[in-house]
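Pasting a structure below so you can have a look.
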Amino acid sequence: MAIGVKALHISFVAHFLGVVGAILVLIWCISFRGGLAWEATNKNLIFNLHPVLMLIGLIIIGGEAIMSYKCLPLKKPEKKLIHLVLHATALILGIIGIYMAFKFHNESNIANLYSLHSWLGIGVIVLYGIQWIYGFLVFFFPGGTTAIRSESLPWHVLFGIFVYILAVGTATLGYLEKLTFLESSGLAKYGSEAFLVNFTAIVTILFGTFVILTILSQPPPEDEYSYSAI
């Protein structure tokens with residue numbers, strides 16, 4: 001299935017939303033939550049790296065990796081390398097982001113892995129890693145046979161979309177969880193920070209939506225190597 005709109009045009013909207021999302025999460029964590037830190041006596045500064053790295057890394061860069069294979073008017077080897085490197089970057093930032101959440105919990109004497117958000121987060125990063133490793137081995141190096149690559153591609157695309165949608169949903173759940181904790185601690189429910197967090201979540205969902213729409217749209221005419229119709 002493909003919609004009658006050029007992938008490149010839809011991707012422009014996604015790029016814009018990605019920039020907006022990155023700016024919003026940085027404003028939230030730096031201006032409202034006090035900043036970012038790897039080590040600090042105020043452990044909340046350590047946690048602040050978690051939403052920043054997860055959104056900019058796993059969601060935004062991961063989304064750009066997905067769109068790169070559909071939008072860029074390049075040859076297959078070039079697009080494959082860009083796709084691979086962007087996903088690797090997203091995966092690394094995602095792993096660090098999850099580590100920062102564990103670091104915050106451990107140094108603050110807070111239990112780990114008790115919420116649905118944390119369970120889904122671990123699942124997402126594991127599935128993302130499996131997807132990347134499989135893609136690397138089958139489509140990059142050492143590479144599978146032509147038959148294996150041909151049979152694997154539709155499933156690789158479908159599984160990648162599933163993991164990405166799950167990542168966006170998990171991120172949205174994380175915003176809700178953090179905002180609920182903050183409001184329980186006295187944050188104004190109709191204050192500027194609460195609205196900022198909700199708008200960041202909405203932008204995250206919209207970005208993910210336009211990533212999926214890009215996949216379902218028309219590739220450049222000269223592009224013979226994009227995703228096949230789903």
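Even glycines carry a Cβ here, placed using N, Cα and C.
Sequence annotations record features per position, and here TrEMBL assigns domain 'Cytochrome b561' to 13-216. The feature transmembrane segment is assigned by TrEMBL to 12-33, 45-69, 81-102, 122-141, 153-175, 195-216.
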Taking the domain 'Cytochrome b561' (13-216) alone, what is its mean pLDDT?
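Mean model confidence (pLDDT) across the domain 'Cytochrome b561' (13-216) is 96.
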Hey, which bits of the same chain come close to the transmembrane segment (153-175), Cβ under 8 Å, at least six residues off its ends?
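Here the qualifying positions are 51, 54-55, 58-59, 62-63, 66, 116-117, 120-121, 123-124, 127-128, 131, 134-135, 138-139, 197-198, 200-201, 204-205, 207-208, 211-212, 215, 227-228, 230.
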Looking only at residues six or more beyond either end of the transmembrane segment (45-69), which have a C-beta under 8 A from one in the stretch?
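Same-chain contacts beyond the ends: 7, 11, 14-15, 18, 21-22, 25-26, 28-30, 33-39, 79-80, 82-83, 86-87, 89-94, 96-98, 100-101, 103-104, 107, 121, 124-125, 128, 160-161, 164, 167-168, 171, 174-175, 178, 200, 204, 207-208, 211, 214-215, 226-227.
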What residues in the same chain, six or more past the boundaries of the transmembrane segment (12-33), come closer than 8 Å to it by Cβ-Cβ distance?
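Distant contacts of the transmembrane segment (12-33): 44-45, 48-49, 51-52, 55-56, 59-60, 63-64, 67, 192-193, 196-197, 199-200, 203-204, 206-207, 210-211, 213-214.
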Mind checking which residues of the chain, 6+ beyond the ends of the transmembrane segment (81-102), have their Cβ under 8 Å from one of its Cβ atoms?
46-47, 49-54, 56-58, 61-62, 64-66, 68-69, 72, 74, 112, 118, 121-122, 124-125, 128-129, 132, 135-136, 140
